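According to TrEMBL:
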DOMAIN    46-297  domain 'Radical SAM core'
BINDING   Cys60, Cys64, Cys67  [4Fe-4S] cluster binding site
BINDING   Phe66, Glu172  S-adenosyl-L-methionine binding site
BINDING   Ser136, Ser290, Ser312  (3R)-3-methyl-D-ornithine binding site
Amino acid sequence: MSLLDKAARGERLLADEIAALYELPLSDVASVAHSLRLTRANPEVVTYLIDRNINYTNICNVGCNFCAFYRTDRQKDAYTLDYGQISHKIRELEAVGGTRILMQGGVNPKLPLEYYTGLLRHIKTHHPGIRIEAFSPEEILGFEKFFALDASQVLDLLIEAGLDGLPGAGGEILEDEVRARAAPARISTSDWFRIIDIAQRKGLYTISTMVIGFGESYAQRAAHLVKLRDQQDKALASHGNGFAGFAMWSLQTAHTRLAGKAPGASAYEYLQQLAVARIALDNQPNIQASWPAQGFKVAQTALFYGASDLGSTMLEENVVSAAGGHGRHSATERELVRIAFDAGFTPAQRNSFFQVIRFPDVPTMLQPVRREEVPVV
Ligand code: SF4
C-alpha cells in the first residue's frame, strides 16, 4: 500500500512517513488532505469567528529575532493599554456581533499581577458576553518569573478573574534547534507543552499552532506535528479537553532581524504544509486557513488543501502585519463569507469551539455595494 493510500484510509502516519509527504506531488497530497477534511469536518460548511485581537502592551523582554512588534520600555512608541482603552476596543467588537477577544502582549516586566487580574475582572463585568482568550504560554512563563508563582498558581488566579482560554501563540516549530536560531530567549518546547498541559487540565481553551519558514527541515516540521498529535492524544484520553483547532501561518520577516536570513514560505509551501498537517493531525478536525500571512486568495485556495475554517475577523492584527503579511489587519464578516461562498461552501459563524452559532443571510450580505465598498478578495 502506498503512503498516500495509507493516509487516504485515515491510518496514522509515523514521523518519517509524514516527512516523506513533502516529496510527493502536491496535487496528490492535496487530494488526500481534502478528502480527509470532508470526512473529519462538516463537508458543506466553512466556519469563521467574529473576534478581535487586542495587543495590550508591546513592551517585551524576550526579543525574538522574528518579531517587529515588540519595543523596550524606553522606546517612544512603547505602550500599555489601560482598561478604558481596552473596553473601547471591545465595544467595537460587540457592535459587529463579536464573541471573543484574543488578547496577547509582549512579556512586560513592568506590569504587576493586579494589572492582569483587574483587567480580566473589568472585562467580565463590563462585557459579560465576550470570551477572553488571553496570554500565550510565553506570557504565562513570564508571569511565573515575575510573580514567583508556578503556572498552575498563575492560571488559577487568572481563571478566577475571568480567563477562558489561552492562545496557542509561541508554538512556531516546537523543536529547540529551530527555536534557538529564531529566538534564543523564546519559550522552550518543554515549557510550551508544560503550560499548555496545565491549562488543558484546568479546562481552559487552547489551540495548536505552527509557523513555517525559519529554514526548518521537513523532519523538524513532521516532528512538530507529531508532538501536537501526541499532546492531543494525551489530553483527550486523560480529561477530554484537547486543542480546539489548529492554526498555521508562514513567517513574516520584514523589519526583523531575520530579514534576508530566514526563507519564509511561498504560497506553494504554505498550501503544502497545510495539506500535510491535515493528514498528520488525525485527532484535530478543525484546521484553519490563515489570511493575514498569505492573503485572502491563498486562504480561499487552502479550503481545498485541508482547511475547514477561515480563522477570524481579528479587527486589528498587529504582530504578523508588523513583519509584513498582506497588508490587512482585519477582515470583515462579508469578506470571509464571500471567500467561503464563492468556493462552494456554506459560510457559518462559529464560536471558539468551532460550533456553528449562526448561518448568515448570504444573498443579503453579498448584495452589490457601492464601488468603494467592494472588498478586495
Ligand atoms: S514574538 Fe512575542 S515574545 Fe517574542 S519579542 Fe515579539 S512580543 Fe515578545
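Including glycine, each Cβ sits where the backbone N, Cα and C put it.
Automated prediction, rather than curation, is the source of TrEMBL annotations.
Taking the features listed in TrEMBL, we show where each one sits on the structure.
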residue	record	Cβ within 10 Å
Cys60	[4Fe-4S] cluster binding site	22
Cys64	[4Fe-4S] cluster binding site	23
Phe66	S-adenosyl-L-methionine binding site	23
Cys67	[4Fe-4S] cluster binding site	23
Ser136	(3R)-3-methyl-D-ornithine binding site	25
Glu172	S-adenosyl-L-methionine binding site	26
Ser290	(3R)-3-methyl-D-ornithine binding site	24
Ser312	(3R)-3-methyl-D-ornithine binding site	28
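Highlighted here are the binding-site residues (Cys64, Phe66, Ser136, Glu172, Ser290, Ser312) whose C-beta falls below 6 Å from ligand 1: Cys64, in sequence order.
A gap of 14 Å separates the Cα atoms of Ser290 ((3R)-3-methyl-D-ornithine binding site) and Glu172 (S-adenosyl-L-methionine binding site).
Here the candidates are the binding-site residues Ser136, Glu172, Ser312. The one whose C-alpha lies nearest to that of Cys64 ([4Fe-4S] cluster binding site) is Glu172.
Mean predicted confidence for the domain 'Radical SAM core' (46-297): the pLDDT average there is 95.
For the recorded [4Fe-4S] cluster site, residues Cys60, Cys64, Cys67 set the reference point as the centre of their Cβ atoms, and the other residues of that chain within 8 Å of it by Cβ are Val62, Gly63, Phe66, Phe69, Tyr70, Gly106, Ala183. Of all the binding-site residues in the record (Ser136, Glu172, Ser312), the one with the smallest CA separation from Cys67 ([4Fe-4S] cluster binding site) is Glu172. Ser312 ((3R)-3-methyl-D-ornithine binding site) sits 19 Å from Glu172 (S-adenosyl-L-methionine binding site), taking the CA atoms of both as reference points.
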